[in-house]
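Visitor: Quick paste from TrEMBL:
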- B:Leu7, B:Gly8, B:Tyr9, B:Gly10, B:Thr11, B:Val12, B:Gly13, B:Ser14: NADP(+) binding site (BINDING)
- B:8-124: domain 'Aspartate/homoserine dehydrogenase NAD-binding' (DOMAIN)
- B:Lys100: NADPH binding site (BINDING)
- B:132-310: domain 'Homoserine dehydrogenase catalytic' (DOMAIN)
- B:Glu185: L-homoserine binding site (BINDING)
- B:Lys200: active site, proton donor (ACT_SITE)
Protein chains: 2
Amino acid sequence: MVKIAVLGYGTVGSGVVEVLNTNHDSIAKKAGEAIDVKYVLDLRDFPGDPIQEKIIHDYNIILNDDEVRIVVEVMGGEEPACTFVKQALMAGKHVATSNKALVASHGAELVAIAREHNVNFMFEASVGGGIPIIRPLLASLTADEIEEITGILNGTTNYVLTKMGEDGLEYEDVLKKAQEKGYAERNPAADVEGYDACRKIAILASLAYGHQVDYEDIYTEGITKITEKDFLYAKKLGVAIKLLATCSRSGEKVFAMVSPMMIGQDHPLYNVSGVFNAIFVRGNMLGDAMFYGRGAGKLPTASAVVADVVEEVRHMNTNIRLTWNPEKLHLADMKEASHRFFVRVSGSVSDKGEQVSRIFGNVSFVQAVDGEFGFVTENMEEKVFDEKAAQIDGVLMRIRGNF
Amino acid sequence: MVKIAVLGYGTVGSGVVEVLNTNHDSIAKKAGEAIDVKYVLDLRDFPGDPIQEKIIHDYNIILNDDEVRIVVEVMGGEEPACTFVKQALMAGKHVATSNKALVASHGAELVAIAREHNVNFMFEASVGGGIPIIRPLLASLTADEIEEITGILNGTTNYVLTKMGEDGLEYEDVLKKAQEKGYAERNPAADVEGYDACRKIAILASLAYGHQVDYEDIYTEGITKITEKDFLYAKKLGVAIKLLATCSRSGEKVFAMVSPMMIGQDHPLYNVSGVFNAIFVRGNMLGDAMFYGRGAGKLPTASAVVADVVEEVRHMNTNIRLTWNPEKLHLADMKEASHRFFVRVSGSVSDKGEQVSRIFGNVSFVQAVDGEFGFVTENMEEKVFDEKAAQIDGVLMRIRGNF
């Protein structure tokens, strides 16, 4: 029997206990040993709850108990999570975490400490919730050089954009509904400004390219400026608007970005709706693959954490190789990245169409209502687009596109 | 440096050599050691091809060479592949294979032999080509009890059905085109009759439930009876017709089947078109997940084989736990499985509608052309459907549905 400790009895922590209880026997069979929770660290008490007998408030009890071989960190936030995780690894305990902030900021360091102490630091649940993506990337796509990873990595924003598109509603109204349903936080900035997706793509890019990608370096644009009107044009163009987090390699350059994008019906992410997440990966041998599922939620996330615990039980005395060099990968300037651009301009095509065509060359116009019109450019570098767009009066909005 | 031998220099075998050459350095980095092909076993010679210097015709050279630690079996077919693989495992060599016939028939036995000799028998490429599904199932979805696996596991049939739906063509015409394009074999029976998908779902079911599922026990229906007219109704119903391979658990019963199915737009497999494959998995904790990509082709398949080789290099002295009990799992009678049914009947709704409603209860009628009509039943057991359908005159076709 393997004893584990769970740090934090919030949504994911209680999910981990529930998954281990519900599937106790089948998990034991797959791990080769039963897995039992010995301690749950939380500041609170839970009188009347069966968990109470395992609740402790002093982390040193866990650190000093040699029977505890695996520590599950599901508190969230950088501190004290980071200190606790380091201490656990240095005490020769394996760690599994769902904490994307921790992994994005300290992943390379924690991977190195784990190797030094011949234990494993695993973090499948930190990206894509229940979707297996970290382990497939590290253990299944190893024959490939990764050309691109593009994901819908945030369920809240995908829900909001899906609803805006389906019901023709404004951003503020859908956000309010999402908050009522519990799909969005009361302070939604981390989701709607793209910060959550940014940390997740930083983790995936670090693993794909083997070097630290700092999330602070990734250009990040949220969905707060997307309006009902943008969806009117999207419908005419037959495209979807999604918040995409992407990294790609072009020669020696690695680009990374979080931004709303228009994608066509032939894009594998086009149909990923509501709170679902999906991650598209292109390998130089494999071609296109996609992983789809629930990117958040108590049990899906806990399922991924427990799967990490099972792998750790199976590799109790072996550090599984994982390349995450702390040396920083310098991202290319996103102004050199190329996309198509959808642009909305005040006025009419008859007034301004000629000017647009003269400046942008070959464009497709999209006629619309309310004293404005739209057009779509060819593929061009971001900085070229910026120069050209500055020459047009009355630009109301631009959305990057890949269709 | 790890030396490997490749058995068979056909499409996949030459792909394996190409992947190892193209990505040699990045693969070495991930594996921790360079991987080099020492021998290629083939009956043929390849004069003028750089591979010729590695070509041998006598398998004993490989078996007796202790430097060869990993054998890649990509010959296909049950024999001599099975004998060769057993000999390799018993000689303490790891094996990676893309051979679904071998794995479906002898997987449990080969897994046991590998464990006995502390080596690994890996077969990611045997299902879903380049799509990582075997390792995710064995190493990522371990916290879950698998409630259902449903896949589009055969690219040829998916291409044919997609083209029939898009272009309104008859089966025979699309098949001929697919053969011309190399998407279908000259003798297409293994694909179009569902035998290929059947072996693949037998492998997935065995892994999901930990016991041998014999492919001979799986009810298998191909696509040869699907007509242009069925797609006319499908369009009216807003559904797709796909060849699905499925296994699911309901209480103690495990069902498995390969059959054309109608699925609705909200089904994750609805949009999987052309030669792409996808596998939908439902876990009791995770909920729904899907894996999508290229189910066949030289480089995608070779990518999966080489990824297995990398895992074997990383686990050179460790057998990775894998539960595949040779004791047979007795599948439930598929007549007890429930679906909706779409039925085409000669005559008109005005003549026969009342009879249909009396016999089937609540149905939805779909008016059509050419002296026939269609209807869709509620969910019901297959045997109940059969009894009821036998009471209706002029039943032309029935397709199972999940929408």
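Heads up, the Cβ atoms here are built off N, Cα and C, so glycines get one too.
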Visitor: Cβ atoms within 10 Å, counted per site: which of B:Lys100, B:Lys200 has the most, among these recorded positions?
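Guide: Counting Cβ neighbours within 10 Å, the top one is B:Lys200.
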Visitor: What's the number of neighbouring CB atoms sitting within 10 A of the CB on B:Gly8 (NADP(+) binding site)?
Guide: 23
Visitor: Highest Cβ count within 10 Å among the binding-site residues B:Gly10, B:Gly13: which residue is it?
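Guide: For the binding-site residues B:Gly10, B:Gly13, the Cβ with the most other Cβ atoms within 10 Å is B:Gly13.
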Visitor: Cβ-Cβ under 8 Å from the residue listed as 'L-homoserine binding site', same chain, 6 or more residues apart: which ones?
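Guide: The residue listed as 'L-homoserine binding site' has long-range Cβ partners B:Thr156, B:Gln179, B:Asp191.
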Visitor: If one looks at the chain holding B:Val12 (NADP(+) binding site), which residues at least 6 apart in sequence have a CB under 8 angstroms from its CB?
Guide: B:Val74, B:Ser98, B:Ala125, B:Lys298, B:Thr301, B:Ala302, B:Val305
Visitor: Between B:Thr11, B:Ser14, which of the binding-site residues has the fewest other CB atoms within 10 angstroms in the structure shown?
Guide: B:Thr11
Visitor: Among all protein chains shown, how many Cβ atoms are found within 10 Å of the Cβ of B:Tyr9 (NADP(+) binding site), not counting that one?
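Guide: I count 23 other Cβ atoms within 10 Å of it.
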Visitor: Hey, what's the Cβ neighbour count for B:Leu7 (NADP(+) binding site) at 10 Å?
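Guide: B:Leu7 (NADP(+) binding site) is surrounded by 24 other Cβ atoms within 10 Å.
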Visitor: If you measure B:Ser14 (NADP(+) binding site) to the residue listed as 'NADPH binding site' at Cα, how many Å is it?
Guide: 18
Visitor: What does the structure give for the C-alpha distance between B:Gly10 (NADP(+) binding site) and B:Lys100 (NADPH binding site)? Integer Å is fine.
Guide: 16
Visitor: Would you kindly give the Cα-Cα distance separating B:Lys200 (active site, proton donor) and B:Thr11 (NADP(+) binding site), rounded to the nearest Å?
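Guide: Approximately 20 Å lies between the Cα of B:Thr11 (NADP(+) binding site) and that of B:Lys200 (active site, proton donor).
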Visitor: Just checking the binding-site residues B:Leu7, B:Gly8, B:Tyr9, B:Gly13: which sit within 10 A of the residue listed as 'active site, proton donor', CA to CA?
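Guide: None, since no candidate lies within 10 Å.
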